[in-house]
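First up is the structure itself, then whatever we jot down about it.
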């Protein structure tokens, strides 16, 4: 009996040890997941307690490996936008990859925020002034904490933002791989009309009138007056379109950034963008970027009503006097932007 009793006692001790080990492991697992779900809180420079991304999760982790097991509708939407760009690049490889290798000069539109590991490709006439303001605040390059305190002209001073072309090749490759890259796009012809209205119908834009207006009038207007040739301040939209579709124009020099195509400014067939925001959902998409960057607790995208904004109805009116032939040629110039960013052919177009 004694050997049997000793054996039972020994087995009981083993069972208790195994149970204690399992319980301890279970408690450790609970603590681990609690720490994952409740990252350390730090105080941001604006005096508000928010979750600080540094030392925890990067924007790329937040985007592609969210803590929530189920993807949000927003994440699914942006995945669809990424897929649209990829599919368009693949289907139009000959057209979209005319250049196989990018040079540092091709990266001058990509603004870098080191602190939050963000890269933003700015596209003129797609809320780029406000996004440059935000990038100035995020990167700490300036004296401002409120984006709307930054004068518009100061947001466009190149020294106030660091762009990707300022880095060495290894540094460029590292940031393209590790940082969250995003851009904002707009219906191509609405953006084009917005650029025309801003640069050619406003009297204060004398530099554009001199640089481009005089050239457009000289090339496209018969019997132009000497005053028009000298000032270049009364360019008609029809003349602007004729200038854009003229093969000589792009052979002479690249388009100005305000009417250059997005795929030529940001190179989405060479650079994988993690987020494609749209002007039509500007506030929602912008605040999603800020949330992924871990700053939505104290920074929001600036919103204000702009009565001079170019609308779809306005764009329709501008295209009424453009011939079907010129509309077709202009669509070919911006075709990749329409396809990549899933904009349908406008109803007002009369394509040949």
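In case you wondered, yes, glycine gets a Cβ from its N, Cα and C as well.
Note on Swiss-Prot: of 17-37, 38-58, the range annotated with the feature transmembrane segment is 17-37. Figure note: comparing Cβ neighbours within 10 Å for the recorded positions 130, 223, 321, the maximum is reached by 130.
Using Cα positions, the member of the recorded positions 124, 126, 128, 205 nearest to residue 223 (N-linked glycosylation site) is identified as 205. For residue 191 (3'-phosphoadenylyl sulfate binding site), the same-chain residues 6+ apart in sequence whose C-beta sits under 8 angstroms from its C-beta are 123, 125, 126, 259, 279.
Summed and averaged per residue, pLDDT over the topological domain 'Cytoplasmic' (1-16) gives 51.
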